[in-house]
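Scroll down for the structure; my scribbles are underneath it.
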Amino acid sequence: MAYPNPAGIKRVAVLTSGGDAPGMNAAIRAVVRTGAQQGIEVVGVRRGFSGLHRGEVQLLGPRDVANTIQRGGTILLTARSHTWRSPEGRAKGAAVLREWGVDGLVVIGGDGSFHGGYFLQEEHGIPVIGVPGTIDNDLYGTDHTIGYFTAVETALEAVDKLRDTGASHERIFVIEVMGRHAGHIALDVAVAGGAEEVFIPEDKKPIGDVVNIVKDSIAKGKRGSIIIVAEGYDGGAEAVAQAIHAGTGLETRVSILGHIQRGGTPVSSDRILASRLGEAAVYALMDGKKGVMVGRIGGGIAYTPLHETWEKRKDVSRDLYRCAKMLSI
């Protein structure tokens with residue numbers, strides 16, 4: 001079905017930048033296939049902004065993205081670029097886009113990637129649309145980010161297995177999940193995994209509180225405890241485990257899940273979200289929009305200025321936090 005194209009878009013570039021997230025390939029696929037359906041050529045930039053200023057660009061067609069929707073990672077590869085932080089680096093990238101006749105750029109990534117796209121547009125006038133791709137779910141302007149659902153499922157699977165062995169040995173496990181600045185993953189995993197306690201960056205409660213929580217769990221007859229800690233909480237899982245051992249003398253184990261949360265086959269929710277947002281990004285350029293992130297709020301597509309995605313804070317659900325406390329008896 002033809003979509004109006006008042007902006008006269010003929011060629012679009014797409015790149016992935018920063019940390020990878022499950023579902024990025026589904027977003028790339030959606031951009032390419034939506035473009036093809038609307039008579040718009042799509043070029044892919046390899047290795048993000050790092051590859052852009054080096055001219056790592058190639059045409060992409062529907063067959064190039066076939067059999068990719070189920071794959072983790074990103075077929076375009078990703079990298080962090082120090083060169084892009086300089087005006088000279090961005091000028092070189094802009095020249096590459098002009099050389100390829102690009103009318104607009106779709107950036108799939110997090111706030112760092114959006115910074116790069118924002119300054120490219122401000123300095124060189126190339127329309128940029130952001131697509132939220134980060135497992136942390138910390139971008140303002142969308143209910144969820146691409147990769148978040150899969151990261152939660154990956155972490156939860158590990159928590160379930162650690163709970164089995166923890167209960168068998170009557171042992172405490174302190175499990176660290178990703179989330180440098182936000183506790184979305186930690187909070188969801190804590191509720192879904194039945195954790196006794198959760199520590200998130202948004203809540204600066206004293207680390208010593210965990211000692212009383214563990215003692216209370218033992219008094220209630222629990223054979224083991226699961227404590228979830230977001231990596232952004234002061235001191236991380238190691239500090240929490242040390243506090244428990246110092247205050248109780250109990251055997252405590254730390255498990256840092258790390259980068260495993262970024263990998264793996266994306267779950268259906270991430271594939272669907274990525275497909276919708278990739279399509280919406282192309283339509284946004286055709287509508288003449290620029291400097292915005294396409295997100296999903298309440299089931300509909302929302303457009304948020306790129307600078308607001310990092311200037312405004314996306315809070316964790318206080319209702320869910322209350323629920324975690326209520327159920328940890």
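Glycine residues also receive a Cβ, built from the backbone N, Cα and C atoms like all the rest.
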For the ATP site, Swiss-Prot lists ARG80, SER81, GLY110, ASP111, GLY112, SER113; sort out which one of GLY19, GLY23, GLY166, GLY179 goes with them.
GLY19
Write down the one residue from ARG11, ARG54, ARG163 that Swiss-Prot lists together with ARG29, ALA30, VAL31, VAL32, ARG33, GLY194, ALA195, GLU196, LYS220, LYS222, ARG223, GLY224 as binding ADP.
ARG163
Taking the residues the record says bind ATP (GLY19, ARG80, SER81, GLY110, ASP111, GLY112, SER113), how far apart in Å are the two Cα atoms that sit farthest from each other?
14
Specify the nearest of the binding-site residues VAL31, GLY194, LYS222, ILE260 to SER113 (ATP binding site), where nearness means the distance between Cα atoms.
VAL31
Of the binding-site residues ARG80, GLY110, GLY112, which one has its Cα closest to the Cα of VAL31 (ADP binding site)?
GLY110
Quick check on the binding-site residues ARG29, ARG33, ARG262: which one has the highest count of other Cβ atoms within 10 Å of its Cβ?
ARG29
